[in-house]
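Heads up, the thing below is written out as structure tokens.
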């Protein structure tokens, strides 16, 4: 459609709006037990909700492999009566054969992508030519993986193709129903198709939407039609549907978080207590954990050489400079350093193989995951601190030797949780007063279903997102009348801010590992069992989001088009800080600021809560009143938080918290404060 045609249709009666068409990209056996949702427990959220029975999870993604055992409907009752959707016939997908009481919806949307490619690239889209199925069947595997994480059925005795991580696979809400809306084709999708899928999912009656897709930074404003996810998620939340989005995989740089609308739950990726080390045994019997998922044979002790020692000594000498001509490494394991990403040094392994080498140990700044490096050839990564120990051994030994062993699986390891280096970080580059991400969930080396009936590992915030979608489905089953904002509040305010098993701080991986802060994980690592009974929630109505858009200074016509309203913004008195989020973020503190919040009691009707404050460094925080008293007639109470800065110069962000406690619940919200004085520019 041309711009002139779009303008014509925009003015027709019955046409809500016309949007430009843009392209978007896509972004287990242990993780649920790690989060406290053991299937054998009779006292957790999984048990209390009958495993999410009755909830419907909508997934906008690359499709589904319906034959996977993760979508079997054994033991499920009738399809919920609220369901209005259906399965759509297409290439290798027959509704009567491939859909059931588990996979209750399977639709595909490609017309927008086809039109975009045809108009702008003169390339008609043909599914078969693009190695795709013209149906909701998944070719890529991304959608199948995400759907099975969120709501997959129990499947016993599964593992990755190489036998790793053997156990019982299941989703977060094993008895929830799945509706797949295929909008990604070869990793991309169009705005028109995604918006159509949103409309259908809202009509169909889903309870939760799992959205592991989005735009890279820079971000478009919430009212900008170039980012249709804002529109779709706004209307989903307006209809009581919980929208869950991935934070993006552009970390560890600050300000890279995606899908930052305040009405969505934006999810960062963390590790779990499972590890896949390849033991590296030096000739002096020192043992170090290598990361690489090498699945071949034990090498026995062989010669170990440092690549910089090649003769003649020719620079450069990083891992990526190894070539097939370096035949002096034949029969040896090569040790080297690199400062590029793990995906960029794969050619080094190929070169060592071609040169006759037996393996490679690469020392790298940051190791994100191990799942992308599974090889029959020993290609192992170690962090710098271990790399220097290996180098010291080589330098202090006349005849250095090394033994590389195949990968092993360790579960329940006493290692603290990390936020993955790839996980996109805050602050929110669009609206700094809205804390993003909201929460962290497992997203590193997650084993789940893939096409052809297999199971495999994937890493990314795309895997963390369906963890929160599954938990949201459980909470929706337990509290069907809770709003999406209440569910988000319950998840954020009850999160772990230290490792749930060791009590150690949660760390953030990057060039230099450090203790994580709220821009890494939002409220913290999700604690599903605490979220079922949070005590208090910070609720938000649709009108509050509209006032937020007004406070952002967006044009009235744009706000009305997004919200589907004709009301006008108040002329004054609005602040972005007024939005009743389960967090307070002040990006430009000058002197002091007062923020008003309202909490709703969802616990014992007769409850008394006291405020406990951990003030961000260089501030004082006063809460008024500092005591909240609820009873059968008083279910909502407001309070003010006054933050006063003590710094005399501009600062970076400092972090603290406000906790409301009745000695049973700990209702925590993050406090994120940055002092920023106005710059005075003189002639």
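Here the Cβ of each residue, glycine as well, is placed from N, Cα and C on the backbone.
Keep in mind that what you see is a predicted model, and the values were worked out from it rather than measured.
Taken verbatim from TrEMBL:
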| type | residues | note |
| --- | --- | --- |
| ACT_SITE | 61 | active site, charge relay system |
| ACT_SITE | 142 | active site, charge relay system |
| ACT_SITE | 462 | active site, charge relay system |
| DOMAIN | 52-499 | domain 'Peptidase S8/S53' |
| DOMAIN | 578-673 | domain 'Subtilisin-like protease fibronectin type-III' |
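Using a 10 Å radius centred on the Cβ of residue 462 (active site, charge relay system) and all shown protein chains, the other Cβ atoms total 29.
For residue 61 (active site, charge relay system) paired with residue 142 (active site, charge relay system), the C-alpha to C-alpha distance reads 7 Å.
Residue 61 (active site, charge relay system) falls within a strand segment according to DSSP. In this structure the alpha carbons, written CA, of residue 142 (active site, charge relay system) and residue 462 (active site, charge relay system) are 8 Å apart. Looking only at other Cβ atoms within 10 Å, the busiest spot among the active-site residues 61, 142 turns out to be 61. Per-residue pLDDT, averaged across the domain 'Peptidase S8/S53' (52-499), gives 91.
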